[in-house]
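S.K.: Okay, handing you the structure first.
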Amino acid sequence: MNGKQRMARQSKQWLVDALVTLMKDEAIEDISITEIVQTADLSRRTFYRAFKTKDDLIDYLCRQLADDYFKSLKAATRDQTPISFATTMQNFFTFWWQQKDLVRLLIRQGLFDRLNGVWQQNAVAHYRDFPAPWHPQGTDQEVNYIMAFALGGLTNILRLWLVQAHPESPEEIQRFAQASFAQLARSLGGGENNTPHEAQG
């Protein structure tokens, strides 16, 4: 990456940071591009070199979050073959706990579903990157359905969990989620191959 590319990336990050700062006090629909660039101490020209609209900036923030999550999952499971279901769940809840203030802000601003939508856009590629034993094989369309089902459950747990004033610890919510998934697998006759018995522990 050359100096110009680094500067472009840094400018995008400053714009993201400015948007997050403004969202703490203003409704997203009331935030203007002028406010964003003034808060970031950048020009409108710099904004429009990076993004076409405010919505593009919001989507960039959501992609950042989703990409950071998958990077953390890749690091957490790097030495595991096959990938552990318990490790996957632990990483999921620990990562989002660390991002809880931003997640709550997205929920409050009505942007949480945008995060889900951005996440789902790259679902197939991420699914293929993590060949876990409980991942059924299928066409890209079938994988999209599988991911929509899985992400819907996990992100709704995430929303209910972190919107609380005093949410459970990541360890508590992980135990609950794993027990629920294990019970669902048993009720469907899924057996050990879908949700490992480690989900009990």
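Numbers here mean position along the shown chain, with the first residue as 1.
Keep in mind that glycine also has a Cβ here, set from the backbone N, Cα and C atoms.
What TrEMBL records for this protein is below:
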type	residues	note
DNA_BIND	32-51	DNA-binding region
DOMAIN	9-69	domain 'HTH tetR-type'
S.K.: Cβ under 8 Å, sequence separation of at least 6 from the ends of the DNA-binding region (32-51): give me the contacting residues as numbers and ranges.
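M.R.: For the DNA-binding region (32-51), the nonlocal Cβ contacts are 8, 11-12, 14-15, 17-19, 21-22, 26, 57, 60.
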S.K.: On the 0 to 100 scale, where does the mean pLDDT of the DNA-binding region (32-51) fall?
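M.R.: PLDDT averaged over the stretch: 98.
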S.K.: In the domain 'HTH tetR-type' (9-69), how many residues does DSSP call helix, how many strand, and how many coil?
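M.R.: Counts, helix then strand then coil: 49 helix, 0 strand, 12 coil.
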